[in-house]
Amino acid sequence: MSGPAHANYVLPFFFLFSAMGAADASSQCSDNKGSPLVRNISDIPQSNFGRGGLAHITIAGALSYGMKEVELWLQTFAPGTRTPIHRHSCEEVFVVLKGRGTLLLGSSSFKNPGKPQELAIYSNSTFSIPMNDPHQVWNTDENEDLQMLVVISRPPIKVFIYDDWSMPHTAAKLKFPYYWDEECFYEPKDEL
């Protein structure tokens, strides 16, 4: 597990977004104005954002719902899929709703993440990731999806992606700002 594990990566927390057409983007966005206070999660659009094996729903987000301090996601990982090794400038809390997997947790106290701790995660478990600690979530179950609620603090977040556990922290690739609902962010265009 210490070498690069590129197969079956999903990039559920941080990486480049796939190009989405305007029609797809508008169907993923809500304009907070007129959004009901109580919503049915089944009615909120979901996408894999170009990441095979992932289903992501932003339940409450910085761009799509105007959140400033936290975001809430519902994420489902197909068997064998995982996040990249990454760290970010926010706290993160997971609640495992169903399935099981492995949390790999490195340290930000050394030159590189080093050999990660391997912690079993399972239905009805919860875990927190300290700010800037490198980690990876992996659905190690061969038959069942891993589904979690995820809360992050202080959106937008700075995300650093690692090729492997021995990569120095200073060499990790930065993605900032990182928004799951990035396609909802429309910058005004200069008409001149």
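Cβ from N, Cα, C; glycine included.
If you look up TrEMBL, you'll see His86, His88, Glu92, His135 marked as Zn(2+) binding site.
Sequence annotations record features per position, and here TrEMBL assigns N-linked glycosylation site to Asn124. Other Cβ atoms within 10 Å of the Cβ of Asn124 (N-linked glycosylation site) number 8 in total over all chains.
As annotated by TrEMBL, signal peptide applies to 1-25.
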Under 8 Å Cβ-Cβ from Glu92 (Zn(2+) binding site), six or more apart in the same chain: what's there?
Ser128, Ile129, Val150, Val151, Ile152, Ser153
Asn124 (N-linked glycosylation site) sits from His86 (Zn(2+) binding site) (Cα to Cα, rounded, in Å) at a distance of 24
Distance between His88 (Zn(2+) binding site) and Asn124 (N-linked glycosylation site) at the Cα atoms, whole Å?
25
Between the Cα atoms of Asn124 (N-linked glycosylation site) and His135 (Zn(2+) binding site), find the distance and write it as a whole number of Å.
20
